[in-house]
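Student: Annotations for this protein, taken from TrEMBL, read as follows:
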type	residues	note
REGION	1-21	region 'Disordered'
TRANSMEM	44-71	transmembrane segment
DOMAIN	48-504	domain 'Major facilitator superfamily (MFS) profile'
TRANSMEM	91-110	transmembrane segment
TRANSMEM	122-142	transmembrane segment
TRANSMEM	148-169	transmembrane segment
TRANSMEM	181-201	transmembrane segment
TRANSMEM	216-235	transmembrane segment
TRANSMEM	318-338	transmembrane segment
TRANSMEM	353-374	transmembrane segment
TRANSMEM	381-405	transmembrane segment
TRANSMEM	411-431	transmembrane segment
TRANSMEM	452-473	transmembrane segment
TRANSMEM	479-500	transmembrane segment
Amino acid sequence: MEMHDLGQQENEPLLDCDGSQQTSPLRSTAYCQPGIKGLFSSRYVVYCALFAALGGLLFGYDQGVISVILVEPQFLQRFWEVADNAPGAGFYKGLLTAMIEFGALFGAFNQGWIADWISRKYSIMLAAGIFIAGSILQTSAISYSTLVFARFVGGIGIGMLSMVTPLYISEISPPEIRGSLLVLEELSIVTGIVIAFWITYGTRHIDSEWAWRLPFALQILPGLMLAIGISYLPFSPRWLMAQDRDQDASRSLCQLRQLPETDARIIRELEAIKTEIVLYRSINAEQSPEMKHKGVLQRELTSWADLFRQGCWHRTRIGIGIMFFQQFVGINALIYYAPSMLKILGLSYDTRLIMSGIINMAQLLGVVTSIWTMDHIGRRPLLLSGSLVMFVCHLVIATLVGRFSHDWNGIAGWTCVALLLFYMFAFGATWGPVPWCLSSELFTQHLRARGVAISACSNWLNNGIIATITPGLVENTGYGAYVFFACFCLLSLVWTYYLVPETAGKSLEEINQVFHTQTHPSGRRHNADRQSP
């Protein structure tokens with residue numbers, strides 16, 4: 001489409017995302033209201049985001065299914081290497097669990113250039129195909145080595161999806177509800193964990209190997225839905241514009257917003273996208289004129305190096321750091337110790353399993369609240385309040401564990417359980433969804449895929465570190481483990497206050513100006529991005 005003069009459009013009546021005429025002049029540049037109201041008036045883009053978020057469901061399901069399967073007698077009969085009484089069981093069990101992280105780290109890292117090369121849409125399709133292959137291998141595994149390889153293959157698909165799903169959602173969303181739509185990624189992850197738990201809880205009564213093969217097989221269905229259905233969704237208009245397919249970008253954006261090409265907001269958004277792309281191309285051509293004569297590999301390596309140069313380093317350290325703190329606020333430490341606390345209370349095996357499911361549902365409930373709060377309250381307040389609440393929970397649990405670990409009583413035990421539920425709710429409402437949202441908003445168009453990829457890699461790397469150190473911390477230090485994670489909660493609060501900007505309600509192009517001009521509430525001005533990337 002042609003880029004019309006915006007001045008000629010200002011007097012035309014503006015339609016909301018559902019086709020109704022806007023009446024408030026304050027909303028003349030907005031597509032819809034923030035939060036839940038905006039979701040109801042932007043149904044098409046919500047459907048697209050919901051479908052793409054199936055990638056998060058696969059991620060959560062595969063994470064959740066292994067925790068229960070690992071203790072099922074039917075599974076241990078086939079894979080005796082991970083049984084508690086087998087020699088080297090700890091190593092083999094840890095390797096089996098860690099292969100997901102290894103595969104995901106590999107997948108997330110490589111998805112950056114793949115998403116730029118074949119598009120966000122087709123890279124989701126590719127990731128779903130790899131995940132399906134891994135699921136089939138897991139379902140049909142007859143030896144430990146086959147299962148380990150299958151987990152690695154499935155992990156590659158999960159890592160690719162964990163990177164490209166929030167990237168795609170961020171690029172198709174209106175700024176007013178982008179945060180709410182990005183919450184769908186974390187909501188899908190936790191929903192997948194909950195579904196996996198209750199499915200394995202039900203199939204454990206099957207006497208045959210189908211007790212564990214069936215949960216593995218069921219994850220193929222949503223994988224197929226995603227692989228096939230994603231082909232019907234529109235391409236990212238920002239990716240199309242970066243490929244110089246301006247007409248296709250215009251059609252895609254109009255389809256996503258359900259508005260005509262002549263709408264002033266469509267014209268304004270397309271011009272902003274185009275301006276950003278042209279600007280950074282000219283900057284790159286000026287700073288590195290020799291790049292056009294170099295090969296594909298050299299250009300790719302230069303793009304990765306750009307993430308760590310002064311112009312983009314502040315964004316990169318936020319992306320890496322926020323995923324670091326998401327893991328180091330200690331969610332896995334509490335999940336690890338929960339069964340021990342529940343056992344001390346004298347609950348039966350079945351009751352302990354049910355309580356574990358309730359704990360996961362507390363996190364799910366927290367994530368649901370962030371659909372409203374992410375855009376209404378903002379990213380920074382959620383992170384700051386979440387850090388404070390989780391710090392208090394860790395500190396009180398550390399005190400109770402230190403005082404009663406050798407002589408638990410009912411009140412102390414149930415207080416720990418209540419704090420555990422409150423912690424899970426707080427994490428689900430804050431540090432669960434916000435990092436996935438923020439990491440996909442930080443970067444400019446030409447570096448966004450690689451920036452989100454390196455943020456996802458940070459998540460998977462730190463996930464693996466926490467999985468490795470948590471059992472030893474809890475076993476050898478007792479309450480010290482919770483003091484350790486309480487310190488990181490406090491550090492996350494300070495780090496967020498001084499380094500993390502607010503991005504709620506801003507377009508992806510407007511967020512670039514935040515990094516060039518923003519001053520923190522503390523009066524401390526960003527200086528890492530004063531130069532253009």
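Each Cβ is built from the backbone N, Cα and C atoms, and glycine gets one as well.
Where the annotation comes from TrEMBL, it is an automatic prediction and has not been curated.
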Student: Going through 91-110, 216-235, 353-374, 381-405, 411-431 one by one, which has the most CB pairs that fall under 8 Å from the transmembrane segment (122-142)?
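Tutor: Most Cβ pairs under 8 Å with the transmembrane segment (122-142) come from 216-235.
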Student: Output the single range from 44-71, 181-201, 216-235, 353-374, 452-473 maximising the number of Cβ pairs under 8 Å to the transmembrane segment (411-431).
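Tutor: The stretch with the most close Cβ contacts to the transmembrane segment (411-431) is 353-374.
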Student: Give, as a single whole number between 0 and 100, the mean pLDDT over the domain 'Major facilitator superfamily (MFS) profile' (48-504).
Tutor: 89
